[in-house]
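Novice: Dropping the structure in here first, questions after.
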Amino acid sequence: MIMKIVTSHEMAEIDKLTIDYYGIPSTVLMERAALSIVKHVLKFNPENLIILAGPGNNGGDGIACGRILKNKVKNIKIFQLFPEEKLSEDCKLQLSVAKKFGIPIVVGYPDNDQIDKADLIIDAIFGTGLKREIEGKVAEFIEILNSFKKLTVAVDIPSGVSSDTGEILGAAIKANLTVTFGLPKRGHLLYPGKDYTGELFIEDIGFPEELTNNENLKISLIEREFALSLMPPRPKYSHKTRYGHVFVIAGSTGKTGAAMMTAKAALRAGSGLVTMAVPAALKVVFQSKVLEEMILPLPCTMNTLSKQALPEIMDFVKEKANSIAFGPGVGVNEDIEIILRELILNSSCPIVIDADGLTVLSKILNVLKDAHSEIVLTPHPGELSRLINIPVKDIEKQRIDIAQKVAQELNVIIVLKGVPTVIAEPQGRVYLNTTGNPGMATGGSGDVLTGIIASLIGQGLSPLYASVFGVYIHGLSGDIASRRKGFHGLIAGDIIETLPEAFIELTDEIDSEP
């Protein structure tokens, strides 16, 4: 089953329907939540435990944890940070039960000495429903608590992290691990919230599958089982033409490497054939570099392909190509604009557009409404900013919503690169990637991704699933490369060279499971 990702509103609706329609009492859900937290807390064998309880049901979860842990942990103290009249009904109930169990409860905040002596802290102050900025004494306390760097387990989401955007609402607790319920929330996966979440554990506490896997939940997580299900098959009885012919239109004076990386990545991702359309003036340069790739020298200006190359390009597309990778290092001028326009209007196969191609596209964006084939755009936030005239900082704050909106408005697949990479399609579905690392922030990494996605389209995946699987395997390859090279020394060529191992690791991990 594909793991969905939800907003605070969507999770609240799931919670409400579980209670009101399916008839599972809220106290039962709270008990299950507490048991799941306790399971993780006991891994650390704490002796001195502090529970920070807020006014809502998140606080109730924390108090229930204290009751369950009473005979399992030497010293437990619950700090109820808010007066009883401000507590939710379920939180009041848990507080009443905890008192009857004889658990020490303090209304107020722990002092520095108490924090210092604790070997584990449960953060149950605020949950996913928090919308306002944390201010005043609570904010001051959180800053003090963070300075102690104590082992901290967050209930549902670290207090102060927006569950919808990952933004910090004034102040936030920095957790070592977070135990969330039912489904992950956006704020767990978007920065800076991801940094505050620590290791994320998603626990099933009894929400009906009809709710957690509902088709109206449009955002999904790309995990390895899902990725494996998308991997193109490789039958024993087959031929190179079965695995597609990628047409790479890329490269110009000073940027031949971009074209080479795109082509090489397409081959490493499994393409049967790859041909590069290159400026004839650079023919010797490309011939000195290629082995498995083929080149098609075409008419050119002083530095780039010329509009005179268009007839040969369109003939090749019509007769041989299964997918097109357009843009890496191709240059930016009127001739390239004419070529791209013609491809969008008349190409018989899908086009993946990146880098210089996106810069050119920003000048002719309205042509997308008449596109003849499916289009995949792979911008980083700066490139998307040029396309849609929205500041980069706003794109970073609303990665999911903006990618989703642009995909729908332009009728294209958007691969918004970054952390996390977001894939969105015109019908509103969105996928968040789970692989990749900071070492991949290096020149050429995007060219590699373009080649991979174009390759997967040529092998028969839909442009959407080619993008989803391509982003995952690209990140996994980068993760393998970083184990050997580290983050600082990793280059785009390393990602290409470890692609075969990424495919092996993905399949072996699944095959080795019991």
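Placement of Cβ uses the backbone N, Cα and C atoms for every residue, glycine included.
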Novice: Select one of Ser26, Ser159, Ser162, Ser163: the residue that Swiss-Prot places in the K(+) site alongside Asn58, Asp123.
Specialist: Ser159
Novice: Taking the centroid of the Cβ atoms of Asn58, Asp123, Ser159 (K(+) site), which other same-chain residues have Cβ within 8 Å of it?
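Specialist: Here the nearby residues are Leu52, Gly54, Gly59, Gly62, Ala124, Ile125, Phe126, Gly127, Ala154, Val155, Asp156, Ile157, Pro158, Ile173.
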Novice: When you measure from the Cβ of Thr421 (ADP binding site), how many other Cβ atoms are you left with inside 10 Å?
Specialist: 28
Novice: Specify the count of other C-beta atoms within 10 Å of the C-beta of Ser159 (K(+) binding site).
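Specialist: Neighbour count, Cβ to Cβ under the 10 Å cut-off: 27.
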Novice: Given the binding-site residues Asn58, Thr442, and counting only Cβ atoms in the protein chains shown, which has the most within 10 Å of its Cβ?
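Specialist: That would be Asn58, with the most Cβ atoms nearby.
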Novice: Show which residues of the chain containing Val419 (ADP binding site), separated from it by at least 6 in sequence, have their CB under 8 Å from its CB.
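Specialist: Those within reach of Val419 (ADP binding site), by Cβ under 8 Å and sequence separation of 6 or more, are Tyr191, Lys194, Gly436.
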